[in-house]
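Below: one structure, written as structure tokens.
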Amino acid sequence: MRSVIWFIVSYTLMLLVLRGGKEVEAEKLCTTIGDLDGKCSQDGEKLCMRYMTDQSKKKFLSCTCNNVVMLHKYKHYCECQSHCTPKQT
């Protein structure tokens, strides 16, 4: 008797799991780029996040900091990801 009940319960749960799954489209991410004077430090990503947030007034999910040389000077090259906002017409 117990095995029959367990079979019915497990079968019902399996059906719910298989039929209940919906496909969700991933939200697109947009990239924003900026640069600062100097080299990236240990907390370069945090510095980029603060700088880019202050400049664009957007909330960023993640930022990377890369050192580049422009006109014989080091620069922070900040590349930050945020959710894309729909264009308003």
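Backbone N, Cα and C atoms are what each Cβ position is placed from, and that goes for glycine too.
Per Swiss-Prot, these features apply:
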DISULFID  Cys30-Cys84  disulfide bond
DISULFID  Cys40-Cys65  disulfide bond
DISULFID  Cys48-Cys78  disulfide bond
DISULFID  Cys63-Cys80  disulfide bond
SIGNAL    1-26  signal peptide
Taking the Cβ of Cys48 (disulfide bond) as centre, how many other Cβ atoms lie within 10 Å?
25
Among the disulfide-bonded residues Cys40, Cys48, Cys63, Cys65, Cys78, which ones place their C-alpha within 10 angstroms of the C-alpha of Cys30 (disulfide bond)?
none
List the Cα distance (Å, whole number) between Cys63 (disulfide bond) and Cys48 (disulfide bond).
6
Within 10 Å of the Cβ of Cys80 (disulfide bond), how many other Cβ atoms can be counted across all chains shown?
26
Out of Cys40, Cys78, Cys84, which of the disulfide-bonded residues is least crowded by other Cβ atoms within 10 Å?
Cys84
In three-state DSSP terms, the structure that Cys80 (disulfide bond) belongs to:
strand
Based on Cα distances to Cys78 (disulfide bond), point out the closest of the disulfide-bonded residues Cys40, Cys65, Cys84.
Cys65
Want to know which disulfide-bonded residues, from Cys48, Cys80, Cys84, are within 10 Å of Cys65 (disulfide bond) at Cα; which are they?
Cys48, Cys80
May I ask you to report the DSSP-based helix, strand or coil state of Cys30 (disulfide bond)?
strand
Subset of disulfide-bonded residues (Cys40, Cys80, Cys84) lying within 10 A of Cys48 (disulfide bond), CA to CA, in sequence order:
Cys40, Cys80
Going by DSSP, give the three-state secondary structure for Cys48 (disulfide bond).
helix
